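**Q** I have a structure I would like to understand better, so I am pasting it below and will then ask my questions one at a time.
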């Protein structure tokens, strides 16, 4: 189910402004790849090009290719809606649908796919997804209550359950723990460690310890100055990146001697 | 600077505040307190004022309608030329029915169209077209109702008559479209259409504002799950806007319930409990009936008309309370928490 992503010569534009330039990287299947870098360096923007979510902003476009198992996501016959069904996403702030119950939230993606599903199948999937997100034991008695009644960390795990319920090939996480307390963060990190056996996971984080803890590969993005495009400086095994990076900029950033 | 030195009354520090200032500040509070108190009274007063006005209207209606409410029906019938009913309730009943029918019809036609326009403006149209369209819709609200009445009576009625005829021919088996279709078009259905046009702007404007307030986060959540634009609207926008849509519809209904001139100028009135929308001389609304009879009403007649006005007042209150109850019923899921 997990698949490999090849990014080649990717440039991202907002109108005439070049936001991210010349990204080349390979994201391995069944592993966690972390993106680190200062704010505004384009790592979230780049992450959103992996499921064409950046197109939601008017004027956004890309040049180059993003290939999942050899299929270019930006090919002319590719439907962005279909891409997003294959590449799931978890956002910075938990965003369960407030008008839906916990169970409905989990099934939201399935409903979209118009898959006819019997009630018991639906219940099974809800349980399976919530167990997958380590949330089942906490919410199994109140599946019909609104998702907005949960704590922030529970809501974020609900969002992860919602994302994995449609069985995507890739899971993108855009700073999934930045709005959470340390205990909830730990719960999410444990979950990521479990999920990587089945999914290709890409995570953007500002927390370098988190990148070191959860990821196999780390990519460092940087920006030369305001108005300049963000660039991929270096991508390597996380252990190497945090001990002996090739680039001086990476070492400066990781050791906190940035700028 | 001897900033660590305690500022006593005998201090010579030129920057030190005059003696006892701290105590005074604590006692009298900050200078803003006076303003804050004034604002509190002004806002409380404004809140009370609305209740006072409401009560005054209710008292006026009951007081002036009292002679008609307590009068003997036969006395009413003998004194009022247009009173053809066994009792006051028998007179008010069909009018209430007609009023509700007209408003419901208008709402039924206007709400889906208004939601469609609002969605187009908020989520589909390019920015410049959306702005222009927004202005046009707002402009519709500025047209006086007498103009709508003229347009409905002189232009629309003859225009829609063939359509109503067609409806009667083919769908006459549905009670709503049954009976002998009026050749003039001065029927409830036409009134419903004109009222719908009249309440369209307010419903559209409110819906548009509510749709625009959908959190970006929820829209993106839907899109990231692989929702199309329409699925996103259904999943994130409409549920979020639900209570707003109900409020908008109720505001529109309020206008439709009380609309006078347009109904008066279009509808051929009648006093029956009839759902036949295409037949002339079947229904009448309270407001239009008051306007039609008031100029030549004697004292008892005015009291009777005010009694119908009281009924309209009660209906409007009831409709609004019902709408609030609907909104409150699913409060947990509203997204406000």
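Including glycine, each Cβ sits where the backbone N, Cα and C put it.
Just so you know, TrEMBL annotations are computer predictions that nobody has curated.
The feature compositional bias 'Polar residues' is assigned by TrEMBL to B:1-11. Annotation comment: TrEMBL describes B:1-34 as region 'Disordered'. The annotation transmembrane segment is assigned in TrEMBL to B:38-62, B:95-120, B:132-151, B:163-181, B:193-212, B:232-251, B:263-281, B:301-323. Marked as domain 'ABC transmembrane type-1' by TrEMBL: B:96-323.
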**Q** Counting Cβ pairs under 8 Å that sit 6 or more residues apart, are there three or more between the transmembrane segment (B:301-323) and the transmembrane segment (B:132-151)?
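**A** Contact between the transmembrane segment (B:301-323) and the transmembrane segment (B:132-151): absent.
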**Q** Per the 3+ Cβ pairs under 8 Å rule, pairs at least 6 apart in sequence, do the transmembrane segment (B:95-120) and the transmembrane segment (B:163-181) touch?
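**A** Answer no: the transmembrane segment (B:95-120) and the transmembrane segment (B:163-181) share fewer than 3 Cβ pairs below 8 Å.
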**Q** Which stretch, B:38-62, B:132-151, B:263-281, tops the Cβ pairs under 8 Å count with the transmembrane segment (B:193-212)?
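**A** It is B:132-151 that shares the most Cβ pairs under 8 Å with the transmembrane segment (B:193-212).
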